[in-house]
Amino acid sequence: MWAPGHHHLCLIFLLTCVFACVFFLLIHQNLFHSGLDLFLPCPDRSRVRSPVAILCLSGTLMNPNATFTCPRHSASVSGTWTIDPKGRFGNQMGQYATLLALAQLNGRQAFIQPSMHAVLAPVFRITLPVLAPEVDRHAPWQELELHDWMSEEYAHLKEPWLKLTGFPCSWTFFHHLRDQIRSEFTLHEHLRQEAQRSLSGLRFPRTGGRPSTFVGVHVRRGDYLQVMPLHWKGVVGDRAYLQQAMDWFRARHKAPIFVVTSNGMKWCRENIDTSRGDVIFAGDGQEGAPNKDFALLTQCNHTIMTIGTFGFWAAYLAGGDTIYLANFTLPDSSFLKIFKPEAAFLPEWVGINADLSPLQ
């Protein structure tokens, strides 16, 4: 039997290397010059159970709330912004709207924290994706505390990883996106229908007639009874203010009915004049579960608010005429350093001055 010598083995090895190189070059040329891109697939959408953000391994952010496929060409991530959720229902609505508006203005992707999602998602059809906790823990965040009015500097923020803080709720941040904000804060259908059924079932207590104009009334009390006079040199809406506000509507609208909600319903029943037979105490006063009261207010035609973000958002979403409590602090109150009335209340809303005599 013929056995190859040493020089034959060397020749065979060299020829094998040459053929391997030629084969590799042909494959390489075919892959990268024939228009075929290599990419990594997104996760199976059927396994996405909650509105969390999905990042394709190519680095492209995908929206799980819409039908999608991963792009074949990688795109640079535009940045990740979020906001630290603080306060209760109305506060977090303001934080959500401000985050959405500022992120869009600066070309960034907005994410909300899981705790904010837990507060707002049971009530509204919100669409912003939820930030995964592990991303929140390890991201190289830079923080920015917002004051409660829009400033030019907020339109030119360069940080790609930005966590906003504070209690923004000024219309100056988001009013140019009003239709989008109203869409984000669309009630779930079962809440809207329940509120509509409640309103359609209301009758004037004396005559039994059906009202045609509904005025939502939100009376903020609770912790504000101590916070306003002791900390901010301010007052809350009193009996006289509510009487003036109701009379304003009675003078301009035929046979309105006033739908009262509050976190102090006992006070409302004892202090709001019901002698005309046009007041309904509809609120349940449950601060921990504001869904019913808020839905009722937003389905009304007009709004009377006292102070606070809950009343602001009820009025903003309801539309129509709005009466608010104006000048509710003394001129030297430190509250005016963080609160600008012209940035808090829409220009077309009507203010009625508060009675500050209890502070004198």
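Including glycine, each Cβ sits where the backbone N, Cα and C put it.
Look at Swiss-Prot and you will find 1-8 tagged as topological domain 'Cytoplasmic', backed by a curator's inference.
Taken from Swiss-Prot, the feature transmembrane segment applies to 9-27.
Taken from Swiss-Prot, the feature topological domain 'Lumenal' applies to 28-360, supported by a curator's inference. Confidence in the topological domain 'Lumenal' (28-360), given as mean pLDDT, stands at 87.
Here Swiss-Prot flags N65 (among others) as N-linked glycosylation site.
Annotated N-linked glycosylation site per Swiss-Prot: N301 (among others), in sequence order. For N301 (N-linked glycosylation site), the same-chain residues that are 6 or more apart in sequence and have a Cβ closer than 8 Å to its Cβ are T213, F214, V215, A318, G319, G320.
Under the heading N-linked glycosylation site, Swiss-Prot lists N327 (among others). The Cβ of N327 (N-linked glycosylation site) has P341, G351, N353, A354, L356 as same-chain neighbours under 8 Å, each 6 or more residues away in sequence. DSSP assigns N327 (N-linked glycosylation site) to coil in the three-state reduction, placing it in neither a helix nor a strand.
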